[in-house]
Amino acid sequence: MFVSFEGIDGCGKSTQVNLLVNYLEEKGIPYIKVREPGGTHLGEKIRELLITQEMCARSELLLFLASRAQLVESVIKPALKNGKIVIADRFAHSSVAYQGCGRELGPETVKILNDFATDKTYPDIVFYIDVPVNVAMERMKNQHKDRIEKEGKEFWESIRNCYLKMAKENENFVIIDGTRTIEEIHREIVKVFNAYL
């Protein structure tokens, strides 16, 4: 089974990824955890470029796609073949939202490129943790921000709206109210996850 977590920066996604991983550890369920961009030697090098270097929107998208293609071929496909659960802190839907909508490259264009980069390998469940943009920005205000996290409210609103549209169009999306407590969110995720097992 392949599970990804999505949401705008500051939604609490990475916290929930780690809590689900802890749950799998406790239950003795074999898994691997990956992140995007990253998860491979090449992917981590690309991550560093994406976070620190100024670049045009198309270059940004193509770097994310290169990282994703390597991650799918060298980590995700082998793990799924070996019966492990893959837990991804972001995956292809992030590019649709961030580059397709936020950078205005077009969600349909990004979807086509994602199909190529992932060899049409997609999550069985997408936990989309939804929070209003002002809540996410408040959570991020005291953090060191990378190049993308420094974007303004309009950018984040565009991304959130794109995620909500994808959630309506994809039955494997599970919308999680990210304004609740960490524990409440985790309980809901575990309940949904166990129903899929």
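Cβ from N, Cα, C; glycine included.
What Swiss-Prot lists as ATP binding site is Gly7, Ile8, Asp9, Gly10, Cys11, Gly12, Lys13, Ser14, and the listing cites sequence analysis.
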List nothing but the one residue from Cys11, Gly12 whose Cβ has the fewest other Cβ atoms within 10 Å; the candidates are the binding-site residues. Gly12
Using the CB centroid of Gly7, Ile8, Asp9, Gly10, Cys11, Gly12, Lys13, Ser14 as the ATP site centre, which other residues of the same chain sit with their CB within 8 A? Ile129, Val131, Ala136, Arg139, Gly178
Comparing the binding-site residues Gly7, Gly10, which residue's C-beta has the most other C-beta atoms within 10 angstroms in this structure? Gly7
Identify, in sequence order, the residues in the chain of Ser14 (ATP binding site) that are 6 or more apart from it along the sequence and have a CB within less than 8 Å of its CB; answer 'none' if there are none. Phe5, Asp89
Same-chain residues at least 6 positions away from Ile8 (ATP binding site) with a Cβ under 8 Å from its Cβ, in sequence order, are Ala97, Val131, Val133, Ala136, Trp156, Ile159, Arg160, Tyr163
